[in-house]
Amino acid sequence: MALPWVLTVLSLLPLLEAQIPVCANLRPVPITNATLDRISGKWFYIASAFKNEEFKKMAQDIQATFFYFTPNKTENTIFLRQYQTNRNECIYNSSYLNVQRENGTISKFVAGQEYVAYLLILRDTRTFMLAFDVDDEKKSGLSVYADKPETTKEQLGEFYEALDCLHIPRSEVLYTDSTKDLCEPLEKQHEKERKQEEEKS
């Protein structure tokens with residue numbers, strides 16, 4: 001009697017193995033100092049897909065974005081400097097993100113409202129994802145970032161797998177286009193000003 005059951009279970013194993021890594025991408029892990037070191041520096045926003053209409057609308061206007069993460073391990077914050085090309089205009093802003101180490105989340109207050117995202121570290125060390133409202137069928141969303149403006153199919157593989165897990169069609173993905181970036185001159189100006197300040201001090 002046990003044999004048919006065992007065969008059934010064994011026949012399902014390949015399917016189970018195929019499913020586990022897909023949703024494993026969406027399991028947050030605590031944020032450590034090593035995690036903060038890993039995400040420190042310059043990143044490019046590559047793509048996103050949202051069920052949340054508000055987020056989707058905002059993402060549609062973004063042509064290109066790059067930013068700098070400067071973590072403060074003692075205060076559990078990340079200083080964010082962001083350069084965004086939005087509707088053919090360069091918008092720069094800086095702000096602080098809060099790090100919730102145990103939850104594996106980072107958050108930001110905008111107009112009195114807190115937006116929380118799971119920080120998902122990927123197998124490829126040159127990429128990471130932020131996942132939003134993963135437990136809400138109607139609002140879940142995902143965005144992916146890389147250390148270069150161009151990514152390979154392999155690098156986006158985990159992003160697509162996670163979308164499948166959230167039941168977000170790949171046709172919903174909105175991609176940025178680094179050729180439309182208008183913020184590089186401003187970034188260079190800021191770098192020049194920073195160097196001048198350092199020389200003074």
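Cβ atoms here come from the backbone N, Cα and C positions, even for glycine.
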From CYS90, CYS165, partner that TrEMBL gives for the disulfide involving CYS183: CYS90
Intrachain C-beta neighbours of CYS90 (disulfide bond), sequence separation six or more, cut-off 8 angstroms: TYR83, GLN84, LEU182, CYS183, LEU186
Secondary structure content of the domain 'Lipocalin/cytosolic fatty-acid binding' (40-179), with strand meaning DSSP E or B: 26 helix, 71 strand, 43 coil
Average model confidence [pLDDT] within the domain 'Lipocalin/cytosolic fatty-acid binding' (40-179): 94
